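In Swiss-Prot this protein carries:
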type: DNA_BIND; residues: 130-149; note: DNA-binding region
type: MOTIF; residues: 36-49; note: motif 'Polymerase core binding'
Amino acid sequence: MAHGEVLEFEEYVRTRQDALLRSARRLVPDPVDAQDLLQTALVRTYGRWDGIADKRLADAYLRRVMINTRTEWWRARKLEEVPTEQLPDASVDDSTEQHADRALLMDILKVLAPKQRSVVVLRHWEQMSTEETAAALGMSAGTVKSTLHRALARLREELESRDLDARALEREERERCAA
C-alpha cells in the first residue's frame, strides 16, 4: 500500500472510529468483544483499502466485514455463551431512563439469531434502507423484510414476556431515592 493510502486509512480510522465502535457494539453484546470485532475488521479492511475505489462506501464495507467476522466467531464457538449482567457504557448525556431503556434493548437483542440481529441493527440503528441492508448482508430485499418482520415479532414477544410492571416499580423507587 502506498504511503498516501496509509495516511488516508489512518485519517479515516481517526474520524470514524467512534461511529464504527457503536456499530460493533450493536452487533455483539459484550463491549470488549465489540472492540475486538472492530479491531479485526479494521485489520482486514487495511489489507484491502486500496481496493475500495469509492472511499465514501468504506463504512458500508467495514460494517460488512464486521458482520462477516461476527458470523465467523459465532460459527466457531459451540454456543457456550454465558449470560452476564455487564452492560455497555452509556454516553455521559444519557438520562437514567434512557440508559435503562438502552440496556434493556441491548439485552433483548441477544434473543435474536445473528442474521436477525444484523438486519435490525442495520435497518433501525444504522438507518439503512431495505435495499442497502440487502446489499450489505448479501440477501434479497424480500428476505430483509421477512427477516425484519420475524425479528421484530420476536422482540415484541420477549418484551411482553418480561415483567415490565416490575421495571416501572424499580424506576419509581430510583426516582424516590434520588429525590
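Glycine is treated like the rest: Cβ placed from N, Cα and C.
With DSSP states grouped into helix (H, G, I), strand (E, B) and coil, the motif 'Polymerase core binding' (36-49) comes out at 12 helix, 0 strand, 2 coil.
Taking DSSP states H, G and I as helix and E and B as strand, the DNA-binding region (130-149) has 17 helix, 0 strand, 3 coil.
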